[in-house]
Structures are given as structure tokens and as C-alpha cells.
């Protein structure tokens, strides 16, 4: 059999370091070896009674346990686990090392040497050995019940046992072999195989092979022949010559005519027993001799133990027929240790009264990472460490030069090569405490700085936009939200923003979109256009255009407070086209620098096109005239061929230009600017080979794209490679602050930094309005920031929730290695440059407040618990309404638990709005509900939190619910209308409600009873249920929560608050409430 070689050699056993000091023998000898017939395991027993197993071809340690008190003489694989034999007992255990039972056969003298199944059902076991110790008996064991059921008289010493389907073959110590019939319990034939003793024996089907010794000059000498016998006819056959002296013999399990013969000195033959001249010879490299040998059940591997107690694993070389060698033909997967599943029987208790309790029955401690002892050998290194992966930027710029892959090395980013740099510990920025900690005068709690810092940054001011050490400035670094036990509400966003402009949270999913949202929020023509759509009555649920309007309006009203684009992300993530384009990335999938730029540019094209489509839906028109008037780029595409009559032209509108063409070579390359790249990308010509539909032949065609005119807002996707962007760094003034556009005689736009000579009409001036930049640190982590003009000559940097002004010279500086432009916006100076945040109030459609608009139509039998407003009750500025919202849980919170740190919240629970109830606070119908909306669930709900929300399973399912179900956009519009009509909201703990609704309400329009009934020195806010009990001696929320009841309770508390203020009893009442609360632990008596 061709193609065998040694795969691995490792020590078979390890002696404990402390064994010598304890007086234990330091030398352990391997006494048995076998391959598992069901799993990819090798089992080894030693002279001290320990059982070991090694997993797979890598011989990864799997199990080590104490099976017996004496040497393990034989191991058999069993369908329930593994059977081991010592001098006195037989043990059956699982492959995980757990003992099932142990049967003592020869308690006084021992002497057991061999065992064998009587059939392939593995239900009965025969055990034999030295006749004087066993009482001239062979023991019979019932493996099903784990009992010694009898014995067979046998007067000879046994060394080996094996069996086929008919006989049990007994190998005697005197060199003879008895053929035993288990049915008649008689020896039917005896073969005199060897003169002195046996060294090995193999039975396969009807063939018996033996090797042994002869006694010459008082020494055991291996016989040079392998004896063969036919068990069907019980006759001998022609022996096989092996001049080196055979000591180990095995028949191949899948090639019956192939035998494996080995000598003690390491000579190995694969020989055809029917044609002994046909053989393959191998020699093992040994420093001693072979003691034990075994062949795997698959025939692909064999292993042996040498005199140095090392295990050698040999395997055949993989080929096309059998590519991967294995121990078994059909392997059963091996269970690795886990904390979730422990195969420990209840009867296996630790008893310290015994000699040695089974330590494998001790439960594993909780752990989250793979134990070091379970690491595969190739992952363990004595010295050094794995090299860092090559930067994506380098790999992507590979060029093949004379058969070698060559890439440009970025010295500015990675530093000089082959230079050992002295390690410098980076100082960390001083980050704020959690809000809950800021009320305390004590020192910061024992939360390590590493848990509070999102990343390591340079020392200095967190708002620094420049750096003197060529590192990424602090303001441009990647920041993440840290969570306390109170969740995201406890994070001090105000520390990162001292401006009047709102940042966006970075934990709402798809956070890469924050950069685009900020870029368009501060673009006056586009922002006004989006806000104007809010005047329309929206009946559709997936209009991104309107959802952007709500988001921009919320950011304006926030006036510098942080915002979360959660509603926008929820609508955006549900759009099938966004999912198809791979724009939904809530799983946190990492992107390299180039992939991240392509992602955000794809989103930019998608959002602009979706806004154009939504305009047609919203205004019921056939064209997007309003959008085209701002960002529309009239473009002509032409296709023609010189080989046939093919000629096509088409005009269309795009909303951005992909800058992905290089300008023609220039005699002065250093004078190139972004304008040269734009002009090259506005006039593109390519040639393709196609099968023409006109002439039905294959020939080249010429395709061209020509931009006819530039829009007032010119949006550019800088789709250049890393290498091309690196060249841009060295072009001084590449990002021009302004340029002039005119039209050439051919109708193509011409772009210049100065007024084109000879141009008198049609000249239009553009100024940079803002851009999205990609920031990549030395660890190759990339994220996006926005740099935009917020007012005349005033620029701001938006890094998610960090907002800070930035100097003009830094805006146009593109020479940094860590900064790359991704999306750039230029705006014509003759367009609208001021924001009209109230534009939607002209012709505002508020009809949704006076009618129902259910999801999927009105269903019969719905439970209506409200009465709609009439036009006579139309809300005015100052109209008070009581509100309460309920939520459901989409995703539970996640914690990180480690031994050396406190439990830390790494991901807060994700909630969704489930119900909103709004009540009248004035007039004859005071306290009556006029809005009670249940919001349709578009995502899987993990927990309805029924005891706190009052929402039951099925209430948010449009196919089952009897509730008044509406879409999220319908419910949101009602709240938004009440806010913009000037209503005053009364409720309890409204901050959480407003956050979940995703709306920003000015403080002058809020009456929060949790704040009104709060003593700051007590540092505890009171629950609605406790306040109602203390103020009115009444009980609410006795069952599940009900948002109508909670809103009405808040209204009662507010009315009582006004009364207490009027009578001057508020302070004393609060003192009493808190005092009684401390006595009762703020619990209501049952």
C-alpha cells in the first residue's frame, strides 16, 4: 500500500511535577493502546491505571482520568463508551471519562490479561488471564446489566482473546491457540502456532494470523514467519515470511487480503497474504523499540508506542479517492467540554472516603473562552506571537511586476520599516462619569478606566481637531457609548457636545448612515425641501422622505441635545431594496476601509433615489420636479457601434456623480484638483464586447455618458481606490473651497477655480458645503465623520454624538494619512442659503387627529377605548394633554461577566413602541382618551412585558389583534402634530416615553410629575403607583399596567401639584412622602 508516513510524534504520558516529592514512581509505562471504532480517538492506558485519549489527527488531549488502581492491560471500544481491563476488574465508562460501572472479577490475586466480546452485539464479555490467579476460569460478564454472570473452566494461561461471528479465539502463553465455541462452551480445535509464546494475534472473518517466539539459548527470539489459519475449515495455511522477525500483525479492515506486519525494531510491511511477494516496506525512525501497536478501524492510520513512551501516528498520504485520513469509517462527533451540558449521572457522587474520588465529576466553572488545555497543538507557541495581518490598504494595491506581487508602503501611516520603536504608553483622555455617579460626592466607583474609555486616544483635549504627533486627533477618534446598569440614558452625551447642534447616537443600528444624515441636515435647500413634506398627510408607512423630515425636525428642536435616529432606522431596515443592497448592517459586520466607503456611497445613491420616488408617491405626480430642481443632474447616455446600425441615446436624471475616473496626464501633476477628477467623471467613454440585438453578431460597442448641466446642490461620490486617494494627499489644494462653472460650445460644463476668460453669461459659482470623511487609525479601524458648514464661514465636525467647531484650514487639508474624502457636496451660491424650519406650517394637514387610519383597514369586533377629537376641540398652543406610552422588548440586554471585573452591560435591551394613549385635560370631557394607538409589530418580539405594558401576545399582530392597530408613522404623526400645535404634555417619567417615541419636546411643553414630585437631595424619583397611594390614598396598577389609567393618574397628580403650590404645602408634602417612603422602603402596604 503506497504513500504512508509518520504524521506526528508526541509524549504519550506526562509525569506530574510533584510526583517525586510525594514518593510516587516517576516512570509511567504505557500498558495498552487502541483506536476507538466510533470516534476519532486513540485510547492509552498506563501502568498506574490512568486512561488517556487523544482527539483527531492532531492528537489533541481529550480525556485523562484514573480508571483502575493497577496497570490497564487491555482497552476495548464499546457502543456506550470504553471498556478497560486491569488485573482485577473490568470498567465501563463514557468517552468523557465518567465511570458507568466497575466489576471486580479476581479480587485476591488479579492476573487478568485479556478480554473479548462473544458477538458483535457487544452484550457479553469474556475475561481471562493467568490460570493460577483466576482459579482456572474465564469470567463471563453481562455488559447490559453490569454483572458477573458466570465462568467457564479453562486451565491454561491466556495472553490474547479475539472473536469472529462463530468462534472465540484464545491465545495461550505457551504459543498455542484454542478455537472456542461459545455456544457449546468447548474448545473445538487447538493449533500449535509457536514453540515458546505468542507476541500478537489477529482474527478477521475466517482468517487467523499469529506471530510469536521460539526459545533459543534461553532467549525468546521472534519467529521469522507469520502463521496463517482458516477458521472455517480449521486448517493451517501457507505462512508468510518476515525475515526481520514479526511481533505485531494486523489485517486491513477494508482490504481483507492485505496484512500489516511490524517488527520490534520498526520495520513495517504491507503484504498480500495470497501473494507474499507483493509488498511495501517502510522503516520507522526509532531510538528504541516498538512495545505496543494498533491499526485504526478505517485502515487509514496506525499508531505504536516506543520504549521512550512516545506515541507515533502514521497515516496514508491523502489522494483524490480518499482525500482526508481518519480513524473510523463513519465517525461520531466528539462532545467538547461545555458549561451548558454536563453528562454526569446523579449516582456519580464525590466520595472522599474512597481511595481516589473521580475528579472528572467535578463541575466546570463558568467560562466564555476556550480553555488553554483544549487548544490544538498548532496554536501553542513557545516564544513569539502571531504576526499582525497585512493591512487591507497594502493588499488592495498589489501589482504584479515580473511575477512578483509588489505594493506601495505607506510610511506615514505605518512608520519607517525595519526600525525598532521604543514602546510609549499612551495616556488616556479623562472621560465623564455616568450621570448617576455625578450626583455623588464620593470618588468614582470601581469601574476601570478601560471600561469607560471607548478607545485609547492621545492625551489632551477631547475636542482637539489637530495633532502634533501625526496621530489621529482626539476629536476624530472612534467613540462608543458606555453603559451603566441604567442603560444608555445614564451616558453623559452632553460632555461631548457644547454646541447648539445635535449629534446622533451610535447604537441605533446602521450607524454609518449618521454621517450622511448630518451632511444633508445642514444643507439648506435639501433640508427645507425635506421639512416641507411634513405638511402633507402621510398614509404610507415606508416613506423615507417623510421620516427624514421628522428626524431633521427633531434635531432642530433638540437644540444641541443628542438624538437617536431609531424610527428612521426601523423604517429604513424594513425596505426590501435596502436589504438586497446589503445596506442593513445591524449585526455589526466589520468592513475594511474600501468596503466601508463603497457601503456609504451605495447608501447615498439609494437614499437620494428613494427620496425622488417618495416625492412622486407623496404628491401623486409622475416626476420628481422638486428634487430634480435641487440635486437633479441631466445626463445623456449614448450607445453606438461602427460595425452595424446600432445607435441609442437616452436622457435621464441622476442625483449624484460617481467620481471614479482619473484626469488625463498633466505636465504639472501637482496642480491637479478635485475639479479635474469631476470633469473626467462627467464625460466617460468605454468600449464593451457584446452580442448585438440589432445584427445578432458579436462586436464591440462604444458607450458614453455626458453630464449636460450641474444642479444647485452638486453631490459627489469619491469612488477612488486607496492608492489613488493616497496620491491625492500630496496634491496641495486638491479640495478647492470654491469654483466657477460655465458651459462649453459643445454643451459640456467647464469647471475652473477662477472665472473662465471670455465668459460673460452662464457663469455659476459653487462653494464647498460639506463632506463625509473616512478616518482610519493605525489599527486599521475605520469610521465616518461629517464636516459641514453650519453658518457663514463656520464649520463643525460631527463624529456621531461628538460635535465640535473646526478651523477652516483643517477643513480643506487632505494631506493626512488617516483622512479620506468619501462624499462631497458643493452648493451654488445663488441658491437658498438659509433654513426655514417652520416651512411645513404653511398648509399643515392635521386631519389625522380627527379620523381613524388603521393598519390593514378596519376590522370588525375591535375594542375601541377612545373618542376622537372634534374640530371644535382642535388643539391650540397651550392645550394640555395627558400622555403615556408602553413598550415591548425586541432584544434582551447582554452582559459581560469576567472573574477580574464587575458585571458590565455591553448591549442594552432593545425596546419598541407598543402603545400610545393621549387624554383630554380640559373641558367637559376631561380625562377621556382621544388617542389609543397600538403599533403594528414589524419585528420579532422577544418579550411583551405584559405586567408592565398591559400588551398581550397577539395585540400587535394585524392578523389576530382586536385592538386599534396603526403603523408607526401614523402614530408618530399624531404625536408630532400635537407637539407642533403647541400642546403641553402631562405625564410621569416622560423622558423615557419621549425617547421611545423618538421625539424631542421643548422643556416648556413638558409637565413631568416624576420631576415635579422630586427632592434632589433624596436622589430618588418616585413611582407613579407610590405617588398615587401617598397623595390620594388610592391604588393603581393593581393588575397589568394600562396606559390610559397611567395617563389619567399623572393628570390627577399634576392637578394636585398645582393645588399644593397654590397653598404652599408642596415642600412639606414631599418631605412627608419621602420620610414615609424610607420607613416602608417605598412599598405600598398590601
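Note that Cβ sites are derived from N, Cα and C of the backbone, with glycine treated the same way.
Quick look at what TrEMBL annotates:
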- 884, 886, 993, 1046: divalent metal cation binding site (BINDING)
- 502-829: domain 'USP' (DOMAIN)
Suppose you look only at the domain 'USP' (502-829); what would the mean pLDDT be?
87
Residues flanking the divalent metal cation site, with Cβ no more than 8 Å from the Cβ centroid of 884, 886, 993, 1046 and excluding those residues themselves:
883, 885, 915, 916, 917, 987, 988, 1041, 1043, 1047
Taking the Cβ of residue 1046 (divalent metal cation binding site) as the centre, count every other Cβ atom within 10 Å, in any protein chain shown.
25
Determine the Cβ neighbour count for residue 993 (divalent metal cation binding site): the number of other Cβ atoms within 10 Å of its Cβ.
23
